[in-house]
Amino acid sequence: MTAQVSTIADTRSESSPRSAPRVLLYAVLILFAIYYLLPLFIMVVNSVKPLSEIQGGNMLSLPAQWTLEPWQKAWNEAQIGVQATGLQPYFLNSILMVVPAVAISTILGALNGYVLTKYRFPGHKIVFGLMLFACFIPFQIVLIPTARILGTLGIAGTIYGLILVHVVYGLGFTTLYFRNYYEAFPTELVRAAQVDGASFFKIFYRILLPSSGPIIVVTVIWQFTNVWNDFLFGASFSGPNAMPITVALNNLVNSSTGVKEYNVHFAGALLAALPTLIVYIVAGRFFVRGLMSGAVKG
Amino acid sequence: MSVAAITSHTTSTEPPRTRRGFEDWLPRLVLAPSFAALLVFVYGFILFTIYLSTTSSTLLPVFDFIGFGAYSRLFAIPNWTVALKNLAIFGSLYIILCSVMGLFLAILIDQKIRAEGLLRPIFLYPMALSFIVTGTAWKWFLDPGIGLEQTMHALGWTSFTFNWIKDSQMAIYTIVIAAVWQSSGFIMAMFLAGLRGIDSEIMKAAQIDGASTVQTYRRIVIPQLRPAFLSAFVVLAHLAIKSFDLIIAMTNGGPGRATEMPSTFMYSYTFTRNQMNIGAASAVIMLMMISSIIVPYLYTELRGEKK
């Protein structure tokens with residue numbers, strides 16, 4: 001009892017003496033860190049091993065013989081569907097899909113957020129509510145009509161189709177982010193500029209945009225991660241030529257006939273993970289902010 | 001503050017009426033394309049899918065009306081019953097385990113530890129990865145032929161067996177393991193934000209009154225985390241209903257159809273089994289499940305904002 005009281009006192013003060021509970025605390029935290037890192041460790045170690053070493057057992061051991069061949073195979077030799085192209089073309093597809101989808105949905109989200117907070121009109125709350133609900137629908141409910149409309153527009157099975165879909169279904173979140181951010185932006189500044197005769201776009205460009213840096217980063221990272229990692233839309237609408245990397249990876253891992261090249265699968269998985277992982281390492285703070293405001297505020 | 005007051009003020013001075021009028025409409029014009037897109041692509045498509053579930057569509061949409069028979073047929077399909085049962089198992093374990101682990105980790109991290117800046121990102125990075133990527137890692141790690149079981153054998157524990165992923169009774173639990181691993185760090189971050197919002201004076205006061213650590217947390221801290229619990233529940237429940245990628249990557253619904261979930265059921269009935277009306281009906285059920293969680297939550301959040 002007394003020991004427990006003293007631990008609280010310790011933890012709430014700056015200095016932390018080496019008491020037994022504190023050692024235990026760190027031990028538990030380190031165990032959890034190992035647990036979270038384990039799958040990443042497995043992927044990395046086994047992507048630089050010859051296949052025979054994996055088949056021989058012990059996925060946790062370091063390679064006896066290091067090799068980059070699985071990476072090279074995953075990148076430009078592995079059989080994806082009927083073609084032995086590796087993941088390279090699909091990686092490119094994902095980039096061609098992500099860049100415009102993120103840019104367009106972010107710009108639209110910023111403008112929507114600006115209108116919804118600074119030019120309130122009757123029913124603005126309903127409009128926002130409808131946009132918000134759209135963030136949470138299970139996409140299965142729109143899959144069939146979307147496939148149809150992409151066909152009607154003549155962009156079924158193309159990257160353009162995927163860009164359109166990701167822009168439309170990303171709008172709810174991008175609007176939410178900018179709307180919550182601009183809500184706190186002083187409306188008086190906008191009104192003052194209006195009195196001075198500044199136009200709608202000039203106010204946006206000169207007054208709101210310069211202070212929107214953080215929320216732009218949050219939104220871009222959120223959209224980038226979501227669009228890059230998407231599988232459902234990619235699997236439903238991409239066709240053989242526009243496949244994003246997630247779909248190609250799944251084909252590589254799950255439909256490979258003959259010998260299962262686990263090391264190539266792991267290398268491929270890491271290739272697909274690399275862009276979002278790098279973004280997370282560089283700007284994880286903003287990613288977490290996006291996650292939190294997506295969850296906590298509606 | 002009000003738009004009307006400002007515009008009437010400016011119109012009385014210089015700018016020509018026509019331009020002013022256009023400027024008044026411009027904000028709504030800017031919002032219109034996004035709003036129209038959402039009305040069509042979200043709400044129009046929802047209605048269209050509901051309509052499809054009442055038609056006789058199979059491979060292609062057929063525009064007739066045969067009533068709600070697709071729903072009674074849906075609930076008579078054994079695979080759908082399996083999917084609902086799996087969702088119940090997966091959903092409840094996923095929500096409970098993520099909340100417990102998330103809360104536990106958040107409390108540990110909140111003890112003014114060193115290296116918080118190192119540990120927190122480690123607990124959270126799985127959220128940045130695609131489920132197809134992590135599903136691949138878990139699939140092979142849990143595979144008895146090469147993964148954990150083999151590793152244990154290689155380390156000398158030859159009687160060790162772990163073949164859940166190949167066992168139709170147990171496979172759904174392997175999905176739980178991977179999903180909890182992926183999301184628990186995120187829930188930790190939510191609880192940590194909640195903990196950081198609690199006034200530390202109250203905790204100090206409790207300690208001065210002789211409350212133990214456990215008592216302080218149980219009686220004072222955890223009850224104050226109710227909003228965080230609610231958010232965590234809503235987020236996890238809706239993720240559980242939507243989860244699709246992870247199942248495809250790890251088991252593809254197998255062995256047999258043992259890890260079928262509503263999301264994978266909808267996909268296979270619509271796109272590979274060509275029973276579009278059944279697929280549409282299952283999507284409508286999914287939407288109803290999510291709405292019953294999200295709508296009350298959004299409603300209270302939006303209403304609370306007004307004050």
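Glycine is treated like the rest: Cβ placed from N, Cα and C.
Caution: TrEMBL annotation is automatic and unverified by curators.
As given in TrEMBL:
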DOMAIN    A:91-283  domain 'ABC transmembrane type-1'
TRANSMEM  A:23-45  transmembrane segment
TRANSMEM  A:90-114  transmembrane segment
TRANSMEM  A:126-147  transmembrane segment
TRANSMEM  A:159-182  transmembrane segment
TRANSMEM  A:203-224  transmembrane segment
TRANSMEM  A:264-288  transmembrane segment
The transmembrane segment (A:203-224): which same-chain residues, six or more beyond its ends, come within Cβ distance under 8 Å?
98, 101-102, 105-106, 109-111, 114, 118, 166, 170, 173-174, 177-178, 181-182, 185, 189-190, 193-194, 275-276, 279, 283, 286-287, 289-291, 293-294
Stretch in A:23-45, A:90-114, A:126-147, A:264-288 most in contact with the transmembrane segment (A:159-182), if contact is a CB pair under 8 A:
A:90-114
Report, as numbers and ranges, every residue of the chain located at least six residues beyond the transmembrane segment (A:264-288) whose Cβ falls under 8 Å of a Cβ in that stretch; write 'none' if there are none.
42-44, 46-47, 70-71, 73-75, 78, 87, 91, 94, 214, 217-218, 221-222, 224-225, 228-229, 245-246, 249, 252-253, 256
